[in-house]
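Features of the protein shown, as given by TrEMBL:
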- 2-114: domain 'PLAT' (DOMAIN)
- Gly17, Asp75: Ca(2+) binding site (BINDING)
- Trp99: site 'Essential for stabilizing binding to COTL1' (SITE)
- 114-646: domain 'Lipoxygenase' (DOMAIN)
- His343, His348, His524, Ile646: Fe cation binding site (BINDING)
Amino acid sequence: MGKYRIRVATGDSLLAGSSNLVQLWLVGEHGEKDLGKILRPIRIREVQLEVEVSLYLGRLLLVKLRKHKSLVGFDWFCKWIAVQGPGTQGEAFFPCYRWVQGNEIICLPEGTARTVRDDPQNQFKKHREKELEERRKVYRWGFWKEGLILPIAGNTQWDLPRNERFLEDKDLDFSLSLAKGSDIRSSELTASSHLMSLERVRNCWKDDALFGYQFLNGANPMLLRRSTSLPSRLVLPPEMEDLKTQLEKELQTGSLFEADFSLLDGVKPNVIIFKQQYVAAPLVMLKLQPDGRLLPMVIQLQPPRNGCPPPVLFLPSDPPMAWLLAKTWVRSSDFQLHQLQSHLLRGHLIAEVISVATMRSLPSLHPIYKLLIPHFRYTMEINVLARSNLVSKWGIFDLVVSTGSGGHVDILQRATAGLTYRSFCPPDDLADRGLLDVKSSLYGQDALRLWGVISRRYVEKMVSLFYKSDGAVKDDPELQAWCREITETGLQGAQDRGFPISLESRAQLCHFITMCIFTCTGQHASTHQGQLDWYSWIPNGPCTMQKPPPISKDVTEKDIVDSLPNLHQARTQKTFIKFLGRRQPVMVALGQHKENYFSDPGPQAVLKQFQEELAALDKEIEVRNAGLDLPYEYLRPSMVENSVTI
């Protein structure tokens with residue numbers, strides 16, 4: 001019995017409010033009270049109510065709400081509800097952060113995170129089960145192409161759950177910017193924090209040093225690896241004995257590296273407006289200089305074929321036009337693998353699997369749900385838009401990219417078959433590729449440091465609050481179901497490539513969660529943010545090549561020009577690169593989300609410390625970059641978005 005003070009917060013967006021009446025219930029340990037239709041959340045960001053309740057409810061467990069439509073129903077975005085009164089021991093906080101639609105009853109549990117074991121009296125058991133049952137009806141696995149990981153069901157953004165769609169500020173910015181296309185203002189580009197001026201690439205794209213640098217710190221730093229032997233595909237003719245000696249010398253000293261594009265071998269090239277396009281599968285051998293520069297030694301544009309003469313090997317000592325054309329072919333091949341394997345698959349699509357599996361397997365009370373949910377914002381809609389506009393039939397790839405019209409799907413299928421768990425964890429991936437001790441790999445340095453901050457300063461501390469032993473991890477049925485949902489269902493049986501199907505210890509859980517967060521944040525940022533810098537100057541990353549790879553070194557400047565994208569293709573590439581790479585006005589940096597899913601002080605303190613560690617790392621990178629000729633900023637925490645949104 002007594003008076004309750006209730007605060008209700010509506011979302012900040014223009015259309016978050018509703019003129020419909022909202023009915024509230026308070027549910028406590030000892031009873032439930034219907035407060036009636038006492039709320040009309042029109043535009044006021046926060047409403048305060050006071051109600052007298054004749055029952056003693058005890059500790060509050062849930063707030064239930066239901067929106068009643070009159071002639072017209074208007075959705076309402078509720079941020080949270082806070083209640084103070086008898087039995088609340090201060091103010092009880094009930095996070096929501098979702099749309100209230102129709103006339104369904106929504107149950108908001110008090111914001112203290114709880115695993116199943118944390119609810120010995122089963123006070124929330126029915127709520128957890130019902131919530132997941134309803135979520136699985138809404139968040140259904142879909143199908144896109146054979147041999148690929150699973151997406152969310154739905155062909156357009158309108159098929160998605162309302163809570164996964166853009167709010168109007170993001171939707172307006174996205175739609176207007178897409179409509180403006182090539183008219184995106186230069187101020188939107190120059191105001192961004194991207195590392196390079198476009199003039200630098202334009203002026204230096206022919207330089208071997210810049211060519212090698214991009215394998216370390218460019219748009220696609222995921223392909224380079226230290227050589228452990230000379231690749232079997234590198235057939236050296238007798239007259240190149242000196243080159244073989246040089247390669248073996250670099251190999252012995254550990255300074256020989258390779259970038260192998262064999263994944264592209266045999267991919268069917270596109271035909272654009274009745275004109276054949278071309279694809280190559282190069283191999284580049286590079287040497288790491290004592291000063292940290294990575295310089296190309298030899299380029300092979302195609303693997304050897306049985307019954308055919310060995311492919312031509314291009315060298316830095318070749319005629320300048322021949323060497324430049326060979327490098328341009330490599331840059332075009334890197335464009336294909338970057339956009340499809342490193343960016344779309346490893347960034348966008350994996351993040352989508354993690355987000356859908358989380359929504360299907362973890363109730364909103366679960367601490368890991370609360371930890372991960374800020375990192376899924378807008379991911380499902382941006383991926384649906386990519387599938388329906390970028391890699392769809394008659395999408396951008398079909399219209400202007402050499403691997404469009406089916407080749408891009410073939411590449412995605414091949415890349416999916418090779419996805420390994422270790423490759424998503426920078427400490428393992430960089431070790432496997434021999435890059436841990438390469439100081440000029442700024443991507444590698446920053447990826448390791450960012451992974452460490454996420455792991456040690458955030459995930460491990462959060463996990464320790466809710467799992468006091470390895471047994472607590474093993475005995476959490478929701479957690480185990482979540483892990484299986486990701487590996488067996490979303491990733492279509494990836495356990496044979498190292499992804500876990502069960503979590504046996506706190507250390508294993510922390511590693512897995514860190515992988516999830518890093519994939520949705522740093523991994524995507526490292527392959528997304530460089531597009532504007534490296535691909536705006538078309539010869540440095542041509543979306544297509546219009547003549548076949550050269551088979552001799554008799555190359556003219558006209559041969560290079562004729563091989564590059566035509567004017568329409570170049571303009572289209574420049575337009576969508578500017579659109580994707582521009583500064584995002586609606587951007588939440590890593591760890592800076594405002595949503596408060598935890599009501600208990602422990603997690604809030606951990607998040608605050610995480611933010612402080614991110615700020616310190618950001619400053620360290622800023623200071624480091626000040627002394628560099630080419631600053632690397634793609635993994636500065638202030639530049640890394642909190643989720644995959646573009």
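Each Cβ is built from the backbone N, Cα and C atoms, and glycine gets one as well.
Unlike curated records, TrEMBL annotations are generated automatically.
These numbers come from a predicted model, not from an experiment.
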Spatial separation of Gly17 (Ca(2+) binding site) from Ile646 (Fe cation binding site) - C-alpha basis, Å: 26
When distances run from the Cα of Gly17 (Ca(2+) binding site) to each of the recorded positions Trp99, His343, His348, His524, the nearest one: Trp99
Binding-site residues listed as Asp75, His524, least Cβ neighbours within 10 Å: Asp75
CB contacts for Ile646 (Fe cation binding site) [other CB atoms within 10 A, all chains]: 23
Output field, Fe cation shell: CB within 8 Å of site CB centroid, site His343, His348, His524, Ile646 dropped: Leu344, Gly347, Ala351, Ile382, Thr527, His528, Val644
Inter-residue Cα distance where the pair is Trp99 (site 'Essential for stabilizing binding to COTL1') and His524 (Fe cation binding site), in Å: 27
Per-residue pLDDT averaged over the domain 'Lipoxygenase' (114-646), given as an integer: 94
C-alpha spacing of Asp75 (Ca(2+) binding site) relative to Trp99 (site 'Essential for stabilizing binding to COTL1'), in angstrom: 6
Local Cβ density at Gly17 (Ca(2+) binding site) - other Cβ atoms counted within 10 Å: 19
Composition by DSSP (helix, strand, coil) of residues within the domain 'PLAT' (2-114): 0 helix, 67 strand, 46 coil
